[in-house]
Amino acid sequence: MAGAAGPGAGPGAAGGDGDDSLYPIAVLIDELRNEDVQPPLESLATVEETVVRDKAVESLRQISQEHTPVALEAHFVPLVKRLASGDWFTSRTSACGLFSVCYPRASNAVKAEIRQHFRSLCSDDTPMVRRAAASKLGEFAKVLELDSVKTEIVPLFTNLASDEQDSVRLLAVEACVSIAQLLSQDDLEALVMPTLRQAAEDKSWRVRYMVADKFSEVKCIGISGIENLKGICPADFLLDTTINLSILGLELVSDTNQHVKSALASVIMGLSTILGKENTIEHLLPLFLAQLKDECPEVRLNIISNLDCVNEVIGIRQLSQSLLPAIVELAEDAKWRVRLAIIEYMPLLAGQLGVEFFDEKLNSLCMAWLVDHVYAIREAATNNLMKLVQKFGTEWAQNTIVPRVLVMANDPNYLHRMTTLFCINALSEACGKEITTKQMLPIVLKMAGDQVANVRFNVAKSLQKIGPILDTNALQGEVKPVLQKLGQDEDMDVKYFAQEAISVVAQRLRKLDFPVKDSEEPSIPGVDKNLFLRPRVPGENTGKGPHVNTRDTLAQLETAELMHFPQSRE
């Protein structure tokens with residue numbers, strides 16, 4: 001390809017040995033001996049390797065700043081023209097990156113020539129050249145006179161945004177942000193918005209993605225100086241601009257590609273601070289609601305994670321009347337995966353709204369998830385409580401969460417009683433020693449006498465879990481006697497987990513220098529320590545005779561939505 005760059009193509013040029021492959025190297029060495037460094041850089045700017053070409057252009061851009069205006073027109077501008085009119089596309093793509101650095105200091109006649117060369121490259125037959133020109137369109141527009149921007153750059157933008165190659169169209173959309181900052185509000189509305197709306201409906205999702213990604217940056221289209229425009233522009237002008245943005249957003253919200261919708265969701269909330277309360281309520285809230293109900297989890301997450309922007313503008317009361325009903329609706333959705341997604345966002349949402357509002361509007365919802373008929377929801381709700389305690393603190397947990405969790409220990413449904421134990425496991429570390437010892441431990445010890453074996457062996461597992469948090473007196477005086485009793489249970493599984501817990505408690509006491517007899521760490525012959533259990537129906541097995549239990553699998557969790565676990569009555 002060296003020959004394609006220009007000088008190394010001649011046959012027999014390598015010398016007497018006829019090795020043409022060495023000729024380009026010989027030329028480069030000869031050029032490097034020259035005091036003028038531009039010729040070798042010009043050659044390097046035409047090679048096939050993109051990395052080398054880009055580095056050569058970067059060096060040329062730096063060198064251009066060292067030229068006087070006279071030297072620039074005498075030496076640098078001719079170099080740019082040669083690259084722009086080169087036979088190979090590689091030289092023409094390199095030229096696209098050099099126009100903006102030589103244009104500002106050139107004479108008017110030379111400026112006209114430079115603009116003409118750039119126009120030619122924007123309509124080049126080779127897509128790679130048009131792509132390079134589109135990528136530099138915004139940069140070039142910034143150094144042009146305003147009249148040239150309107151008469152030459154905007155038509156180029158329109159043509160490139162309609163190019164047959166989507167890679168060219170998406171770069172043109174990216175350049176729209178730079179162009180928009182240079183034009184007046186009227187010119188933006190007349191010259192840019194039609195093309196931008198067309199791009200929002202482009203057949204390529206990559207182009208639509210770029211529109212969505214640049215959505216907030218294109219806020220300059222009618223709203224960048226909205227505070228200053230009040231009193232200067234008519235009210236209907238601002239309204240029309242806002243409506244145009246809403247139409248554009250609505251097209252992207254209903255896009256078929258999740259990347260486009262996700263990109264829009266990540267930026268659209270920020271527009272509320274610019275549009276103000278009334279326009280946000282009227283034009284943006286419908287878009288927020290639509291995206292909050294989107295099937296793509298990333299779209300919903302991007303909306304929920306930026307609720308604080310909207311809260312600052314419209315206030316918590318308006319927010320509760322508009323968006324929160326949609327959140328509650330999703331939280332109670334018939335599809336358990338939808339409910340699961342909302343649970344995962346709840347700690348983030350709680351941080352956005354604050355503890356008072358959360359307790360008023362969403363606390364009861366979080367507690368209701370604990371008794372959901374799908375195990376995966378109950379498990380996620382338990383982890384959610386732990387994250388909420390970490391966010392709002394132990395005092396809030398002691399007054400708000402812990403009492404409601406402990407009440408479930410008396411629930412007729414044994415699954416709900418087990419959820420109490422799961423919550424204690426999760427909350428104990430976050431709540432600390434005092435709350436665990438005084439409020440949670442007595443409930444766990446009481447549940448050791450539950451009629452259902454599943455509850456009893458989960459008591460043993462809970463005592464093993466919270467053991468490291470408890471002090472020596474609680475372990476020795478309260479926990480150990482209960483575990484020893486469970487170790488004599490008629491159910492084999494209860495015995496196994498009780499002995500496991502006794503072993504852990506004994507190790508804990510040793511670390512605390514408390515004497516422990518070896519007889520207090522018995523093992524159960526014939527019990528497989530790799531045995532893991534699923535929640536069993538009461539009476540399914542009481543330990544009389546051999547049995548095999550398996551833990552909840554993902555398939556069982558999904559089936560649980562259709563087939564509820566049987567309920568046990570104490």
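The backbone N, Cα and C atoms fix where each Cβ goes, glycine too.
Remember, TrEMBL labels are computer predictions, not curated facts.
Pulled from TrEMBL, these are the features on record:
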DOMAIN    98-207  domain 'Phosphatase 2A Regulatory Subunit A helical'
REPEAT    114-152  repeat 'HEAT'
REPEAT    153-191  repeat 'HEAT'
REPEAT    284-322  repeat 'HEAT'
REPEAT    323-361  repeat 'HEAT'
REPEAT    401-439  repeat 'HEAT'
REPEAT    440-478  repeat 'HEAT'
REPEAT    479-514  repeat 'HEAT'
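Across the repeat 'HEAT' (401-439), the DSSP tally of helix, strand and coil residues reads 35 helix, 0 strand, 4 coil. Sequence-distant neighbours of the repeat 'HEAT' (401-439) (same chain, 6+ residues past either end, Cβ-Cβ under 8 Å): 367, 370-371, 378-379, 382-383, 385-386, 388-390, 394, 446-447, 450, 452, 454-455, 458-459, 461-462, 465-466, 469-471, 474, 535, 538, 565, 567-570. Along the repeat 'HEAT' (284-322), the predicted structure has mean pLDDT 76.
DSSP labels the residues of the repeat 'HEAT' (153-191) in these numbers: 30 helix, 0 strand, 9 coil.
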